[in-house]
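S.K.: Handing you this structure, nothing more for now.
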């Protein structure tokens, strides 16, 4: 089976909420010699992007998102050990504090980005979902003086708006200059990042890892 055919099957498994079949497809792909990173970036993440777009367009709703998320989680259980094997050694890229915005419990992209950052040499502090901005600021303050990257995600426009409040709080607490700030999620755009004074965004988890490394140079 050609790699593109494998990637298409992985994409469709996520879009069609194939909870049981997705991890099996991942095992088959690994057995065929496809790298775990490619399975994620060229197959699963493509499916998640489609799911996110459909959700934004109100073509699917929360139950479908959750089922696609479960399929993704099951896939990552198979792939995370493979990513760990290939983890980049050497100097730590920095500390990534990852979280999902207050009012948002959609953690699919968040978990994927967190895994990818860990695989690319970042130490991880995962604050989880529905995180208050004051908790993010508090965590950032604990690590003042270190190389810190805040990585927040929001699937909904309403929760995305809290990212501006977070930037304001970081400025008020005089922490903004000591951290880099990166936000992602379906509604987040380059224009929004510029408007709130953050540092970066990314289209998907693999790109997020690359952008994060660039931002932390």
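Including glycine, each Cβ sits where the backbone N, Cα and C put it.
OK, Swiss-Prot features for this one:
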{"type": "DOMAIN", "residues": "1-91", "note": "domain 'B12-binding N-terminal'"}
{"type": "DOMAIN", "residues": "93-217", "note": "domain 'B12-binding'"}
{"type": "BINDING", "residues": "106", "note": "methylcob(III)alamin binding site"}
S.K.: Name, in the order they occur in the sequence, the residues of the same chain whose CB lies under 8 A from the CB of residue 106 (methylcob(III)alamin binding site) and which sit 6 or more residues away.
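M.R.: In sequence order, the residues whose Cβ lies under 8 Å from that of residue 106 (methylcob(III)alamin binding site) (at least 6 apart) are 65, 69, 100, 129, 153, 155, 156.
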S.K.: Go ahead and report the DSSP secondary structure tallies for the domain 'B12-binding' (93-217): helix first, then strand, then coil.
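M.R.: Result for the domain 'B12-binding' (93-217), in helix, strand, coil order: 58 helix, 27 strand, 40 coil.
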S.K.: Which numbers of helix, strand and coil residues does DSSP report for the domain 'B12-binding N-terminal' (1-91)?
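M.R.: Per-class counts: 69 helix, 0 strand, 22 coil.
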